[in-house]
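Visitor: I have a structure here, written as structure tokens, and I will follow up with some questions on it.
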Amino acid sequence: MASALSRTVNHLRKAYRFANSHHVGQFRSLTSVPPSSVLESLPLFRSIAPLDFRIPPISIGQRFLFRSIQTASPAGTVGSESAKKVEEAKPDGGEKSGGSSEQGGEPGKPVRGGPVSWLSFVLLALTGAGIIFYYDREKKKHIEEINKSSQAVKEGPSAGKAAIGGPFTLVNHEGKKATEKDFIGKWTVMYFGFTHCPDICPDELQKLASAVEKIKKKAGFEIVPVFISVDPERDTVDQVREYVKEFHPKLVGLTGTPADIKNVARSYRVYYMKTDVEDSDYQVDHSIVMYLMGPDMQFVKFFGKNHDDESLADGIIKEIKQYQGQQVKKGAPTP
């Protein structure tokens, strides 16, 4: 069975080649009929093949079969002429494809279109421009939202003040009892130190005294400078009185028992500790900070060692004016 089928296929192949090379005119009529139906109509094929056997359509494979025949031709003339006539015999779609092959230059070779056409290039450019436009718009919107939120934070109420300050009971440089209530209604700048301090405390108190005078000249505000000792064992009332006289006539000196000094230092978040202790000769390590307290003895702002007398004066004036502006809005008196 297999040998008979092989012989039949060989006979058909020879017949096809003979018809293709000598009877091209008759091939026009066959192009409209599927090759599968022609093969199935042969008596020999029908006698060999099963009853339900059908050859699938090979219309797509015809072109590749013709091309292989053209390649296998020795001279190349017969195959090319038959291929041209087959292309002419095809419908409009075939004629168009043939025309495109002739325009490409070499006959028999298909011309593939470029990977990027003008239409795809335009679409790509439009898509890119759209993405850039969308990104730029979203970026501007995000920046506007950030600006609005920052303005809302600036104009909103205060988040609160630091828990600095509180009631205390000490003794002033005149030997009288002094509490935080003695400073109500006045702007006060408080500094913690000790009278045996070799350099830092004198420098800071001189700066404070100079800033008090500058504030009075620039803005007319009266400031009460206060010195609180963190060395109660050596800083007696007499010692403090002689010490404050060296800096400013309005400088108030305060001292007290070790327990009283400990309480007030804790209220104002002041650190202090004895160092280099040798009998009665020692130093005291402490915070170097000035506290600006409002007329209600509430903490306003602190100023560190990095400020000179000029910047200290300007900073205090700024805080006082800001406080007064807030009081005007509330309808409260401005001391």
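Using the three backbone atoms N, Cα and C, a Cβ is placed for every residue, glycine included.
Where the annotation comes from TrEMBL, it is an automatic prediction and has not been curated.
According to TrEMBL:
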REGION    75-111  region 'Disordered'
COMPBIAS  82-95  compositional bias 'Basic and acidic residues'
TRANSMEM  116-135  transmembrane segment
DOMAIN    157-325  domain 'Thioredoxin'
DISULFID  C197-C201  disulfide bond
BINDING   C197, C201, H286  Cu cation binding site
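For each listed feature, how buried is it and what is near it?
Guide: Using a 10 Å Cβ-Cβ cutoff, C201 (disulfide bond) registers 23 neighbours.
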Visitor: Excluding C197, C201, H286 themselves, which residues in that chain have a Cβ inside 8 Å of the centre of the Cβ atoms defining the Cu cation site?
Guide: F192, G193, F194, I200, E204, V230, V284, I288
Visitor: Across the whole of the domain 'Thioredoxin' (157-325), what does the mean pLDDT come to? Round it, please.
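Guide: Per the prediction, mean pLDDT sits at 93 for the domain 'Thioredoxin' (157-325).
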Visitor: Test of understanding: give the count of other CB atoms lying within 10 angstroms of the CB of H286 (Cu cation binding site).
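Guide: So the number of other Cβ atoms within 10 Å of H286 (Cu cation binding site) is 20.
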